[in-house]
Every structure is written in C-alpha cells, then in structure tokens.
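Per Swiss-Prot, the feature compositional bias 'Low complexity' maps to 125-137, 221-258, 333-350. What Swiss-Prot lists as compositional bias 'Acidic residues' is 138-154. The feature compositional bias 'Basic and acidic residues' is assigned by Swiss-Prot to 155-179, 317-332. What Swiss-Prot lists as N-linked glycosylation site is Asn31, Asn240, Asn298, Asn328, Asn342, Asn351. Positions annotated as region 'Disordered' by Swiss-Prot: 124-179, 209-264, 305-350. Summarising the annotation, Swiss-Prot assigns signal peptide to 1-18 and lists sequence analysis as the type of evidence. As annotated by Swiss-Prot, transmembrane segment applies to 35-55, 185-205, 355-375, 388-408, 422-442, 451-471, 486-506, with the evidence given as sequence analysis.
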Amino acid sequence: MSIFAYSILAGLAPLLSSSIPFFTLRNRNINASVFHILLCISAGLLFAVASLELIPESMNLALRSFEESTKTQTSLKSTTTKTTTTTTTIGNIKLQKSFISNSEDSLNEFHSLDNEINKPPIEGLNLNNLNQATNLDNNEEDNDNLDNDGENEIENDHDHDHQEDEGGDNDHDHESEEKKEFLKIPMYGIGFGFAILIIVESIFSSIDGGGGGGGHHSHSHGSLSSSSSNDVISDYISNNNSNNINNNDDDNNNNNNNNDDDDDSVELLERNVVNKDNSNNINNINNNNDDEDIIVINKSIENTPNIASPVMNKDNNNNDKDKNRNSNKSDIKNSGSINNGNNSGNNNNNNKSKLTITTFIALSIHSFVDGVVISSAFSSSPHVGARVALAIVIHKIPDGLVLSSLILSQKKFNSGIFSNPFFYFLLISCMTPLGSFISSFLFGGLSLSSGAFVLGFGAGTFIYITSTAILPEILSNQIVKKSTSLFSIFLGYLLFIFLDSQFHGAH
C-alpha cells in the first residue's frame with residue numbers, strides 16, 4: 001500500500017503546482033511579456049529535469065545493473081571451481097595430489113590413480129626392502145634436482161605472473177566493453193523518446209492540415225495583395241500626373257492674377273483634397289475596388305471650387321503628388337501588415353496548440369515513468385523506495401509549473417469538460433499511480449536495465465520538447481528582448497538546481 005500512497009502523492013504534486021498559478025492568473029489582465037517569461041522559465045525547468053535528474057539517474061541504474069551482472073558472473077565461477085586433495089599411504093610413502101572438480105580429465109586421472117594404489121600387494125614382495133630401495137632412489141633424485149629447483153621455481157613464477165598479467169588485461173578489456181554496452185541502454189531510451197514524439201507531432205501536423213506551411217502562405221498572399229494594390233495606386237498617380245501637367249499650363253498663365261488671400265484659400269482646399277483622397281483610398285483598398293477608387297478620387301478633385309485652378313502652380317502640384325504617393329504607400333503597408341498579422345496570429349495559435357498537445361503527451365509519459373520508477377525502487381527495498389518517491393514528489397513540482405505556463409501563454413480558456421485545462425492536469429496526475437500499478441501487478445517490477453531505458457525515454461521526450469518546440473517559439477517571438485528570454489531560461493535552470501540542492505541537502 002505504501003507504493004500507491006507515494007504514487008498518489010507524486011501525482012498530486014504537479015496537480016497543485018499547475019492549478020494554483022493557472023487559476024490565479026487566468027482572469028487577470030497581465031501583459032503578454034509575463035506569459036512569455038513564464039514560457040522561458042518552463043523551458044529551463046524542462047531541460048534541467050532532463051539533464052540533471054533523468055539522464056544521471058538512468059546512468060546510475062545502468063551502472064548498478066552492470067555491477068549486479070558482474071557479481072553474478074563472479075559467484076558462478078566461484079561455485080563451479082572447487083579443489084579436491086587426496087592423500088594415499090603405501091607403507092611409509094604418502095601420495096598427495098589436488099584435483100579441480102570441474103575438470104573431467106582430472107577426475108578420470110584421480111580415479112585411475114586411486115585404483116592403482118588400492119590394488120592388493122604382490123605375493124613374496126617384502127615391503128621393507130621396497131621402502132629402502134625407494135628411499136635410496138628418492139635421495140639420489142633429490143640430490144640431482146636440488147640445483148634445478150631454484151631455476152625452475154623462478155621460471156615458473158615468471159610464467160605464472162606473465163599469465164596473470166595477460167589474463168588481467170583481457171578481463172579488464174572485456175569488463176570495459178561490457179560496461180559500455182550497459183551505458184548504451186539510456187541512450188537507446190533517449191533516441192526512442194525522440195522518435196515517438198516526432199511521430200506524434202507529425203500526426204497532429206497532418207490533422208491540422210500542415211500548420212507549418214500556413215505561415216509561408218500567409219506571407220506570400222500578403223505580398224500579392226500589396227503588389228496588386230500598388231498597381232492600382234501607381235495607375236492612379238500616373239493619371240493624376242497627366243492631369244496635373246495639363247493644369248500646370250493654365251496655372252502658369254494665371255500666375256499674375258494671384259494674391260495673398262487666394263494662397264490661404266488654396267492651402268485650405270489642398271488639405272481638404274488630400275484628406276478626401278486618403279479616406280477614399282483606404283475605403284477602396286479594403287474593398288478591392290480599383291476602378292471605383294480612381295472615379296471617387298477624380299470626383300473629389302472635380303467637385304473642388306474653381307478658386308484652386310488659378311492659383312495652383314507647379315510646385316503645389318508636385319507637393320500634392322508626393323503627399324498622395326506617400327499616403328497611398330502607407331495605406332498599402334498598413335493593410336498588408338494587418339493581413340500578415342492576422343495570418344501570423346492564426347499560425348501562432350496553431351503552433352501553440354500543437355506545442356501544448358505535444359507537451360501534454362510528454363508530461364504524461366514522464367508521470368507514467370515516475371510511477372514505474374517508484375514501483376521498481378520499492379521492489380529493491382522499502383527504504384530506497386521511500387527516498388526515491390520523495391525525490392520524485394519534489395521534482396514533479398516544476399512539471400506542473402511547465403504545463404500551467406504553456407497553457408497560460410495561449411490565453412484561451414474554454415469551459416467545456418474536455419477543453420478545460422484542469423481536465424488535463426488531472427490526467428497527468430493519474431498517470432503516476434497508473435504506472436505504479438502496471439509495473440507492480442502486471443510486470444512484477446522492472447529490472448535495473450529496463451528502468452534505465454525508461455528513464456532515458458523520459459529524458460528524450462523532454463529534450464525534444466525543449467529543443468524543437470519551446471525554444472523556436474521563444475526565439476521567434478519579439479514580445480521581449482532575446483537577452484531577457486535567455487536570462488529567463490537560465491533562471492528556470494537555476495531554479496531547479498536550487499530545489500534539487502535543498503532536497504538533497506535535507507537528506
């Protein structure tokens with residue numbers, strides 16, 4: 001029951017850490033830069049969880065698995081290799097020899113020698129004479145071999161040491177190669193986590209109809225609309241140029257009849273004409289009626305009093321053309337930027353929705369893995385399981401902050417059951433007890449090597465989200481400066497280091 005108690009506690013930790021900031025900040029008019037900074041902090045937290053918790057823990061499990069495998073092989077060798085010593089006496093002669101129990105040739109030699117020794121004595125053979133003859137032969141052989149004993153012992157010791165050195169080097173090389181194979185297990189998990197999320201994101205991209213390509217199309221359509229509007233205005237300006245040139249001749253003929261009062265009235269009329277032109281241009285560009293644009297502007301010019309004609313000279317006409325050209329270009333730029341802004345806003349919403357779904361899947365996998373780890377730790381010992389479970393409870397608080405930051409950055413909260421963010425918070429919380437239940441009752445606990453793979457898998461999902469989803473969104477957004485974004489990411493990384501040090505310092 002303690003396994004499920006700790007699993008439920010580990011599930012409640014992200015539920016509380018995500019619900020409190022979400023329900024506190026969702027109805028407040030907070031600047032968009034605040035949500036952007038929260039997103040940056042969540043990126044730092046995710047990368048810290050992957051690099052400082054999951055990957056080191058998976059490496060530790062892989063090394064422990066290697067040590068257990070080495071101990072098992074050593075114990076098997078020690079149990080299968082036993083030495084047997086036999087002593088047989090024939091009169092005053094003692095025969096002693098050691099045999100290795102796992103060698104069939106040595107056992108056969110032992111049995112044959114034992115049979116020879118235990119044969120009945122030959123009739124008429126005097127054992128005393130045999131003993132004396134044997135002793136004389138042995139003394140002569142001992143005297144002959146005294147000089148060679150030292151040399152043989154030195155050579156044997158040298159050969160034995162050389163064989164031990166070669167055997168030790170071979171064992172060391174084999175051990176290092178085996179350790180490398182065990183350390184590859186977390187790396188396999190990281191790669192598998194990347195592959196799974198790539199498949200998930202490609203599925204959601206195909207469902208959304210290729211959201212990534214929409215951004216490019218929005219820019220191209222915006223440029224096409226701007227170019228067509230530019231053609232309309234350029235035609236209008238060229239027509240006005242021809243009309244103004246014709247009017248310049250009449251204006252030059254009537255320059256001598258001008259006075260100061262007429263100049264003041266001309267300036268007022270000139271402003272009215274420009275204002276009418278600008279208002280008509282904006283309305284007609286938004287409605288995409290190119291022909292009506294020219295007609296309305298020409299009518300506004302024709303309906304002006306005749307007092308403008310005798311006093312408008314060449315300089316005034318040039319000023320009017322410059323003002324009209326600048327106002328028309330600014331109108332087109334504004335309309336193009338509005339269209340592009342709407343399209344980019346739609347693309348950002350699509351990216352944020354895919355980002356949140358991908359993050360939700362990764363956090364769900366991570367919560368499931370936490371339940372599996374708690375179950376595996378308790379299967380080794382209750383003390384180790386309790387410490388691992390408490391560590392997971394503390395480390396899951398940043399997970400809730402990550403999810404709440406991502407959802408708050410969207411600024412869209414629906415009241416439906418399946419569209420409410422609290423529903424997804426609850427699902428993530430339930431994944432930890434579910435992982436403990438499946439690991440304990442269905443699989444009977446995971447081995448150390450399997451745990452290393454699972455932790456590596458969770459680390460791979462977090463690194464994928466941080467590097468391919470959150471960081472591009474942060475760097476492409478211009479709400480705050482890039483230096484502020486990078487500092488916020490670093491702040492999130494330091495926040496996890498602080499929480500981790502406080503927890504380990506307490507223990």
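Here the Cβ of each residue, glycine as well, is placed from N, Cα and C on the backbone.
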Highest-contact recorded stretch vs the transmembrane segment (451-471), from 35-55, 185-205, 388-408, 422-442, 486-506, CB pairs under 8 Å: 185-205
Contact check, the transmembrane segment (388-408) vs the transmembrane segment (185-205), 3+ Cβ pairs under 8 Å, seq sep 6+: no
Beyond the flanks of the signal peptide (1-18) by 6 or more, those residues with Cβ under 8 Å of it: 363, 367, 370-371, 374-375, 378, 382, 385-386, 389-390, 392-394, 396-401, 403-404, 425-426, 428-433, 435-437, 440
Interface present between the transmembrane segment (355-375) and the transmembrane segment (486-506) (three or more C-beta pairs under 8 A): no
Long-range environment of the transmembrane segment (422-442) - Cβ separation under 8 angstroms, sequence gap at least 6: 3-4, 7-8, 10-12, 14-15, 18-19, 22, 360, 363-365, 367-372, 374-376, 378-379, 392, 396, 399-400, 403
Residues of the parent chain within Cβ reach of the transmembrane segment (35-55), under 8 Å, 6 or more residues beyond its termini: 186, 190, 395, 398-399, 401-402, 405-406, 408-409, 411, 455-456, 458-459, 462-463, 465-466, 470-471, 473-474, 477, 479-480, 484-486, 488-497, 500
Assigned conformation of Asn31 (N-linked glycosylation site) - DSSP reduced to three states: coil
